[in-house]
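Engineer: Quick one: this structure, given as structure tokens, is what I'll be asking you about.
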Amino acid sequence: MTIRHFLDIWPLESAELRAILDQAHAMKKARAGWPKGKIDAGAPLDGHTLAMIFEKSSTRTRFSFDMAMRQLGGSSITATSNDMQLGRGETVEDTAKVLSRFVDAVMIRANDHADVEAFADAASVPVINGLTDRSHPCQIMADLMTLEEHGLTLRGARLAWVGDGNNVCASFIHAAPKFGFSLAVGTPKRFAPDEDDLEIAAELQGRIDLYETAEEAVAGADVVIADTFVSMGDVDAERRLEILDPYAVTEELMELAAGGAKFLHCLPAHRGEEVDAEVIDGPASLVFDEAENRLHAQKAILRWCLGK
């Protein structure tokens, strides 16, 4: 039987991604009003254990995956960078083979995407990318779920990304051809998306429009998306903020988007840097629904990976 890893969006078929989102919507509706610790009907992952490895600190990823396993009737074990580091002391491949003997699936939040790929190649259980320097596929599934939940039809929609063409942007680029939306990306030249990701989208016949101003990218967009300008470990933070400041999402920028446009941000947010408080705390913002939907999207991802 083929092992179902969830490392990136682009290798999956559109039908598989659609099925994951449909199940996420259905599971969320099925437990509306329930206590958060109540197990889903049928306990789909009863007896299953997820190992969670964190090389990077986390709030939403850690809590959402742990609660996902609890609600599905399973359990989780967490190891941080203080407990272990991939490739140090023991090879990534050996770690993957050992953990495969103990647990049913592994979620990794890592510094280097290549480590996650090497881990998955050696593992005999499903491996999920919880975030790497290259991509953040679980986040994008939650984002798309949130947009659908608020009435947006993805096919034919125009989404705009402004700021740093980072790992989250990369996963939106991968998702565009799979779900049929176009993506306008507004970044400074030095923070433009990786050419490899643009080539992936081109091969999948996705529409990705690149701009050097936020205003051009946002014009007429149904959704405006931002992310932090400075992440953990970034050097020369002051210079980054200076270069990216013209890409901050303000009320004035949102006025250039389509009527009723929504705002997304995967959090944590820095009000006054990449987004103004009036936007992220205003009526267009879906950020807390987006954060909650990490739980529901990841439950569906776990069930898809484990064939449950």
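Numbering starts at 1 and runs along the chain as it is shown here.
Even glycines carry a Cβ here, placed using N, Cα and C.
Summarising the annotation, Swiss-Prot assigns carbamoyl phosphate binding site to S58, T59, R60, T61, Q85, R109, H136, P137, C138, Q139, C266, L267, R294 and lists sequence analysis as the type of evidence. Summarising the annotation, Swiss-Prot assigns L-ornithine binding site to N167, D227, S231, M232 and lists sequence analysis as the type of evidence.
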Engineer: In Å, rounded, how far does the Cα of D227 (L-ornithine binding site) sit from the Cα of R294 (carbamoyl phosphate binding site)?
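Structural biologist: Counting only the Cα atoms, the answer is 16 Å.
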Engineer: Looking only at C138, C266, which of these binding-site residues has the biggest number of Cβ atoms within 10 Å around its Cβ?
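Structural biologist: Neighbour-count leader: C138.
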Engineer: Out of R60, H136, R294, which of the binding-site residues has the smallest number of neighbouring Cβ atoms within 10 Å?
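Structural biologist: Fewest other Cβ atoms within 10 Å, among the binding-site residues R60, H136, R294, is found for R60.
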Engineer: Test of understanding: give the count of other CB atoms lying within 10 angstroms of the CB of D227 (L-ornithine binding site).
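Structural biologist: Other Cβ atoms within 10 Å of D227 (L-ornithine binding site): 24.
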Engineer: Whole-number answer please: how many Å between the C-alpha atoms of N167 (L-ornithine binding site) and C266 (carbamoyl phosphate binding site)?
Structural biologist: 12
Engineer: What same-chain residues, at least 6 away in sequence, bring their CB to under 8 Å of the CB of S58 (carbamoyl phosphate binding site)?
Structural biologist: R109, G130, L131
Engineer: Taking every protein chain in this structure into account, which of the binding-site residues N167, S231 has the most other Cβ atoms within 10 Å of its Cβ?
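Structural biologist: Answer returned by the neighbour count: N167.
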